[in-house]
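Structure provided below as structure tokens; questions to follow.
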Amino acid sequence: MMNARLLKQRFMQHLDPVLLGALGGFALVSLVLLYSASDGNWLRVLAQAGNIAVAFAAMWLVASMPLHWLMRAAVPMYVFGLLLLLLVMTPLGVASHGATRWLNIGVATIQPSELMKIAVPLMMAWYFEKNEAVLKLKNYFVAAILLLVPVALIARQPDLGTSILIGASGFYVLFLAGLSWRLMIGGALAAVASAPFLWSMLHDYQRHRILMLLDPSQDALGKGYHTIQGMIAVGSGGILGKGYMNGTQTHLDFLPERTTDFIFAVWSEEFGLIGNLLLLSLYVFVIGRGFIITANASTYFTRLMAGSITLTFFTYAFVNMGMVSGILPVVGVPLPLISYGGTSMLTLMLGFGILMSIQTNKKLVKT
Amino acid sequence: MNRYVELKNHQREIYYFRLRLVLSLGFVAVMLLILLLRFFYLQVFRHDYFHTLADSNRIYVVPIVPNRGLILDRNGVVMAQNYSGYTLEIAPAKVADMDALIAELSKLVEITPKDIKRFQKLLTERQTLETMPIRSQLSDAEVARISAQQFRFPGVEIKARLFREYPYTDVTSHLIGYVGRINQKDIDQLEEDDAVSNYLGSDYIGKTGIEQSYEKDLHGKTGFEQVEVDAGGRAVRVLSRTAPQSGSNLMLTLDAKLQEVAENAFGDYRGALVALDPTNGEVLAFVSKPGYDPGLFIDGIDTDTWDELNNSPDTPLNNRALRGQYPPGSTIKPFMALAGLYYGTRSPTRSISDPGYYLLPGSRHQYRDWKAGGHGAVDMFKSIVISCDTYFYGLATEMGIDNMHSYLARFGFGQKTGLDMEGETSGLLPSPEWKAKRYQQVWYPGDTVSAGIGQGYNLVNPVQLAFATAILANDGVAFQPHLVRETRPASGSPVLTMPKQMFDLKIDPANLKLVKGAMEAVTKPGGTAAVAGYGAPYRMAGKTGTAQVIAIKQGEKYDAKKISEYNRDHAWFIAFAPADKPRIAMAVLVENGGHGGTTAAPIARKVMDYYLLGKIPQPLQTVTQKSGEQSD
């Protein structure tokens, strides 16, 4: 009895019970929704359960690690990730669907950009921590370059969704680190000014996606099909939804990518506006908890890291829901913690592991 | 100092950091609000719209085409029926290179140049996303060959369809007509009739004849199936089903055998025959020669065959019985005689002296009798028997055009009979008013003279003349001519067409007796149709007639041998039998047949022999030109 309690205490020592509960809620929603989205495919659900188990284990592992290990890993991880990104451009890179995002490492293919989702904000937070005492304008420029190099490499793979998310996570670090308003406004103006140039840099399919966002009905059977079918699913769900397993858009195959990027449309169709409010509440709860952890973080590094992880998580959710409901272009971002797929689940849970580590290590310091 | 500054910086840093964090929180809140508004907009404000879209995504309404009704003769002999078969069809919208596709397909099944031409004509007629047939009546082996390789040919389908078949082909072509593929003109008409929804899925529509006139009865009511489909268009389940209602079967008044007898009786002649039952208006035979194979039109006719039919000097596509307009010639004389008696213009016994021509008072223009030298003393009875022109020239002039017009109109001349077939012409019964309106000319006395023997402006079609004959045969009591005897809906009881009495002319029996007696004498020795009436075991009455195709100049003589075949006179014969209690009345027209007595009357005799005696005639003997007297 004593042993069991002790074991439980040791196991839970580095976990944040509030966050853990909410993440468990997401895992449940993911499995239940996936069962419907895959039209009752137990194998899919089981595979996702495996993904979740692995991701939770990884989270526990990261949460249990001392924070200075994480800081020490920042530079090697970043450099390693950057090298892999460069390797993708060599013949070792694996192309699929017109994009070269994967790397063949013999036994499997890996996607280096996923690693950078953690590595980039980690590197930047580490860099600001290192220069905390004497932060100058120069440091922000260096940090910006640390961000832009991998973002640019990923954007030209091309992988617009991932580069936007990594760009956002890095920007949050810069913002929280106190990037001056003047620079931000100047940067925004520069971005607007360079928009035509950026437009010319985009791949055709990315331009199409943006154009289709403006008027998806232009090409209802082609490029606009995803957006239109997603909006139909969401809109036809109404206030109460069509009921679990009863979504016609979902179960009659009209909804593309319904277990992955468009799984939110399944939720919306079957559970309606009420369901959306519930799901948003769950996200808000996790984000709120993240903000509290951020606000209470004891070091500069942990504050930046926790804030970036929390805001990036929100960005994930916003971009996905926005794209499914037709206010953002279809950029290929999964619904965080719910869409089918192991990689994004793992990356997200690693982030939450760091968040928990930040929270619990601070507590340990206090007591 | 240094430490102090650092501490202060640290506190300020935390302050700024928390400020930024609060700003981030605000950013998150704004974004969440945007999402919420978007959800509200899609799921509440525009819910109905998207709900409809979701339904139209998943629900297809699939029409179920009803079976077309059969057409039977009065004894139940099938004249139009359906059979199921396979067609090879192509969806033009899905094919990039049609010629290459057809070339590939023709390696698997036989596709003749005619098929290709017909198919290309179909393509020009209707812009559609649906499939169009290129080959019909595929054999089982052909179906198997195509099916095995179908993956190679996107847009190519094999369809099982019901086809229309006309067992009597050209014998009934003008009567039954045909169905054909629905074209843009038909769609426009359907839209006007608000019947488009009943034709969703239908490929065919009646184009001519009974098929056209009774389209509404024959087509039936299209059924519908609401089918839930997935994104691939595969049916998942049926949500609801409204069964189609087959079209009604039609039982005609016609006797198929009689029709065949009548058709055969024409031999190689062109012409028309309409036979009626005078006691009820039933059409017993309806012939227009030559006919054509209506099957050619069902899936679109190829241009070569079309040109051949359309440009033939024999005009096989012309429905002569319904639409042909010819001068009635001497067949008008019995009606003229009744008019003369009715108005008291002539008494039955009054004789005129016929010198072989007629002179209008104060004129030297000779209106010639068909017999040079004349018939001598002619009374009314004789005038009909020998078809004396001079007698009727005078009668017409004395009666006057207005009386003539008003009396002949009672027999339906110049008007449509109201036969239940579309496209009937109304003929022409001239009057001074008509001439003034049509030609802005006054009516000349000479116009009355020629009108008196059915020439001049007069025009009738065979249906009309048969109708007038039937009225006469039935002692002035007219029944509406009709082709359909019984409509048999798929469900419910059959609807019989009741004989509809149109009017009773209340003709003086004495007048009738005289005229009908004279018509009977026409078929007896001394009459103009004596040859045809010879040896008939029943009492046959009739009147011959000739319709001029070209005018003969004053002082010239008509010589059939000198005139090209198509310019020879048309031969008429109207008849009824038995004379005392008529059961059949008819009008026979033989185009360029010359004399009614020699070409048209024998045809009438054969039809009557079969109808009244059940006698099947031997193949028509070639009519030999008789030397000597050529009667009118």
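Including glycine, each Cβ sits where the backbone N, Cα and C put it.
What TrEMBL shows for this protein is this:
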type	residues	note
TRANSMEM	A:18-36	transmembrane segment
TRANSMEM	A:42-63	transmembrane segment
TRANSMEM	A:75-96	transmembrane segment
TRANSMEM	A:137-154	transmembrane segment
TRANSMEM	A:160-177	transmembrane segment
TRANSMEM	A:184-202	transmembrane segment
TRANSMEM	A:271-292	transmembrane segment
TRANSMEM	A:304-331	transmembrane segment
TRANSMEM	A:337-358	transmembrane segment
Do any residues, 6 or more residues outside the transmembrane segment (A:42-63), come within under 8 Å Cβ-to-Cβ of it, and if so which ones?
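Residues packing against the transmembrane segment (A:42-63) from afar: 11, 14-15, 23, 27, 30-31, 34-35, 70, 259, 340-342, 345-346, 348-350, 352-354, 356-357, 360.
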Quick test of the contact rule: Cβ under 8 Å, at least six residues beyond the ends. What residues does that give for the transmembrane segment (A:337-358)?
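Contacts of the transmembrane segment (A:337-358) (Cβ under 8 Å, skipping residues fewer than 6 from its ends): 14-16, 19-20, 23, 26-27, 29-30, 33-34, 37-38, 44, 47-48, 50-52, 54-56, 58-65, 67, 70, 111, 114, 117-118, 259-261, 263-264, 267, 290, 293, 297, 302, 305-306, 309-310, 312-313, 316, 320.
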Counting only CB pairs under 8 A, let me know which of A:75-96, A:160-177, A:184-202, A:271-292 has the most with the transmembrane segment (A:18-36).
A:271-292
Sort out the residues at least 6 away from either end of the transmembrane segment (A:271-292), same chain, that have Cβ-Cβ distances under 8 Å to it, and list them.
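Sequence-remote neighbours of the transmembrane segment (A:271-292) are 16, 18-19, 22-23, 25-26, 29, 237-242, 244, 264, 306-307, 309-310, 313-314, 317, 355.
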